[in-house]
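Everything below concerns the one structure shown next.
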């Protein structure tokens, strides 16, 4: 392994471009000696799997499966994966690999839609802010797990009178309260019993200790310093892993992308040996699966939504990671490997989650459905509560939260890589020799922007960003992406580009992909988008509604991200020359800079003469030359 002295480390960060002959982030064996390539196919696959497999696979999919008919939910989920998930993942991977550029420069193919790439980067920046905060939550809980017993296993000094390990009932006789009793020890007639609302120790620990949650978004409060320090640590780890770009992160993912599977298997093996585990699995995808749920449109909507978000389509990360592949890499096979692994991880994680939740329900003598939660409630309340009931509970808790930490890291790696890659591609002379400094600066800025999310109102900010930045905005961007690639750039032209990379394929081979790209995917996205907007409900957290100004801020955030699309389109239209029709036609045709990155891969279709011809048409629109402008050529 390459070793650095202090002087060489300083040289890596503050390198003088005039003093070097080669970019320190490019190896001698790279095909692309300017941008660099993955050191091996394994590093790309592991990085992409790590990016796709996020926290949603752990804390959202199992709940959706339980809510939407158990095992029956797998049918619409895999249908949506085949008709939308895999085709769109394949499209984005091929798009990035063909031109070896990030999500902004990639729109040289359709200059009028370059704002889509800018919007993707803005979304990634905003999401990276709060995703880093979730990693900090995981770190805090991991450190808190180095105690025995676990601090959330019982009601301690931080708890209030509403805290209880077991359900409490009140016994009323003739309208007079006789006693408050635990449900299991109560001798009160059932007709006189009423349940007293209580909170579990894990729920109060999350609110009172970990978050120190305020009463709402209006009450910001001070920074919660233990979370701020965990946020700083996670930012430093991300920066260190990306100090040499994909050359260093590609080595880190050998651990971060594989370790979660080890933990999931350990938790699964431990879970299925517990009493009550069978009940949990039955609730998940067992005999209680409800096939009649397949007739409900909401189930199909949830399946499609989970497919889009779990594969991270529309964020720019899939394109960015693929842009570092070698030109003739078989991106078609890679798309299947990554998407199917992602789906399998979701299903496997569900078994590990529900087996232990079943044990928790058995201890509390409650139905499994009453202990199941999603999102933060599952990861930081229900599951930690269940783990605290196991022998050697600190060990299982450390493993679980370290798994969440590594799962979050992989997704954060790709998010930072999107930002730095776009800056490097747009300003290579400025940043090429200062990539390490650029990575450290980016991580530092994201840390500072994340500090409001670790105040006492931080969880409300995280929820607000998640609701408005990582939801229907992405659907709009993916829809514009499909329109741009298939209908403006040209689906058949794009297929020929792919064949330049993976070889000639038959017409029947492409028939399915044409159907998905031109018809099925756009229809699915439009239906989900319209449905999401029609059924939109103002976000809240813990039953606390957001103030009006918070909702206005959320909508402004969403509009700001999408506004880049029309603004850049209008700007380019004004700057173009010729009549309005010729301007529009030139902006809907590939720019002269659109081609495979290296000359040896351009062939006849992207020869220098043809690229110069496209440039002449852009600068001299009066030249009436008919080049491959039709979207079907």
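Including glycine, each Cβ sits where the backbone N, Cα and C put it.
Note that TrEMBL annotation is computational and uncurated.
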Where TrEMBL places transmembrane segment among the ranges 223-243, 286-306, 580-600, 601-621 | 223-243
Proximity verdict for the transmembrane segment (511-534) and the transmembrane segment (546-574), three or more C-beta pairs under 8 Å | no
For the transmembrane segment (436-462), could you work out the same-chain residues 6 or more beyond its ends whose Cβ comes under 8 Å from its Cβ atoms?
-> 12-14, 125, 128-130, 132-134, 136, 211-214, 216-224, 227-228, 231-232, 235-236, 238-239, 242-245, 376, 416, 419-420, 423-424, 541, 544, 546, 550
Nonlocal residues around residue 411 (Na(+) binding site), in sequence order (Cβ under 8 Å, 6 or more apart) | 50, 51, 54, 55, 131, 312
How many other Cβ atoms are found within 10 Å of the Cβ atom of residue 310 (Na(+) binding site), counting all protein chains shown?
-> 24
Could you name the stretch, out of 73-91, 223-243, 307-324, 336-357, 468-490, with the greatest number of CB pairs under 8 A to the transmembrane segment (395-424)?
-> 307-324
Most CB pairs under 8 Å with the transmembrane segment (468-490): which of 44-61, 112-143, 223-243, 307-324, 546-574?
-> 112-143
Excluding its own, the Cβ atoms lying within 10 Å of the Cβ of residue 163 (disulfide bond) add up to 18
Of 73-91, 223-243, 307-324, 546-574, whichever stretch has the most CB pairs under 8 A to the transmembrane segment (112-143) | 546-574
